[in-house]
Amino acid sequence: MYYGLDIGGTKIELAVFNEKLEKLYSERVPTPKTDYEEWLNTIVDLVNRADEKFGEVGTVGLGVPGFVNQQTGLAEIANIRVADNKPILCDLSTRLGREVRAENDANCFALSEAWDTENQQYSTVLGLILGTGFGGGFVLNGKVHSGQVGMAGELGHLQLNYHALKLLGWDNAPIYQCGCGNKACLDNYLSGRGFEMLYQDLKGETLSARKIINLFYQSNESAVDFVNLFVELAAISIGNIITAFDPHMIVLGGGLSNFDYLYEALPKALPPHLMRKAKVPPIKKAKHGDSGGVRGAAALFLTK
């Protein structure tokens with residue numbers, strides 16, 4: 001059996017999958033917030049209960065909102081302070097008596113979609129999350145590309161380029177401070193949160209993303225103008241990412257991935273921001289939704 005765990009700030013979810021990545025069982029518990037030993041024991045207890053239920057020792061993969069530094073072995077997950085800067089893989093492996101693997105949750109999302117039956121024809125898959133934040137993961141031949149340290153795929157911390165700043169009005173462009181310490185990171189522009197902040201700054205009105213999208217479908221002039229600008233901003237930024245990775249397929253997740261107009265508009269807006277001979281890859285909506293994180297974490301032990 002393949003166990004995937006989604007490690008969040010408020011809850012930890014374990015799901016059990018077979019070799020076809022079909023979910024057989026899941027359990028969710030609150031995340032301990034103050035005691036590291038309690039945090040470790042919570043994960044160990046979840047795994048042990050799954051072992052007992054299925055009568056075998058399953059593989060253990062974690063999806064975390066950060067990464068485990070491959071050089072130091074320490075977790076860098078600032079929003080789960082109880083486990084931040086701790087050797088979580090070493091400690092869990094010792095307690096569980098087996099190898100434990102971990103990846104950024106966006107990488108797990110990309111891996112889950114890459115392992116979908118329909119998508120296994122694509123040797124390179126780029127997963128982009130347009131949710132509370134903007135991030136991504138890159139899968140090559142069924143495996144996550146993590147990079148030297150483990151930070152590959154931190155696409156939300158790429159910054160606005162020349163064309164994006166020009167689109168937003170140069171000196172009048174909204175420049176947002178990012179939690180990483182830099183300014184103008186894509187995380188604050190291409191996320192659902194960024195979608196709302198941009199609308200407020202450019203249109204002078206505070207609306208939810210859902211309301212803006214509803215107004216767009218009602219042909220509201222302000223919303224249509226804004227959505228067209230957002231699509232162009234996304235095309236500029238994603239075009240750079242396509243140039244870097246040249247993926248066979250792109251899959252979108254997160255709340256904004258449910259905005260169906262993006263799948264019509266983005267492929268049309270991308271070509272001017274690519275090299276002349278580049279191809280716009282298929283852009284698809286994620287199929288596995290909220291299960292993508294645990295499913296991708298389980299797939300860390302699968303190989304093509």
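Yeah, the Cβs are placed from backbone N, Cα and C, and that goes for glycine too.
According to Swiss-Prot, the features are:
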- 4-11, 133-140: ATP binding site (BINDING)
- His157, Cys178, Cys180, Cys185: Zn(2+) binding site (BINDING)
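Projection of Swiss-Prot feature records onto the structure.
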residue	record	Cβ contacts under 8 Å, 6 or more apart
Gly4	ATP binding site	Leu14, Ala15, Phe17, Gly61, Leu62, Gly63, Cys108, Gly293, Val294, Arg295, Gly296, Ala297, Ala298, Ala299, Leu300
Asp6	ATP binding site	Ile12, Glu13, Ala15, Gly63, Asp105, Cys108, Gly293, Val294, Ala297
Gly8	ATP binding site	Thr31, Pro65, Ile80
Thr10	ATP binding site	Pro30, Thr31
Gly133	ATP binding site	Gly156, Asp187, Ser191, Arg193
Gly135	ATP binding site	Asn104, Ala106, Leu128, Ile129, Gly153, Glu154, Leu155, Gly156, Asp187
Val139	ATP binding site	Asn107, Ala110, Leu111, Ala114, Thr124, Val125, Leu126, Gly127, His145
Cys178	Zn(2+) binding site	His157, Ala184, Cys185, Asp187, Asn188
Cys180	Zn(2+) binding site	His157, Asp187
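Candidate binding-site residues: Gly137, His157, Cys185. Fewest other C-beta atoms within 10 angstroms, His157. In three-state terms derived from DSSP, Cys178 (Zn(2+) binding site) belongs to neither a helical nor a strand segment and is classed as coil. Taking the centre of the Cβ atoms of His157, Cys178, Cys180, Cys185 as the Zn(2+) site, the nearby residues of that chain (Cβ within 8 Å, site residues left out) are Gly156, Gln159, Gly179, Gly181, Asn182, Leu186, Asp187, Asn188.
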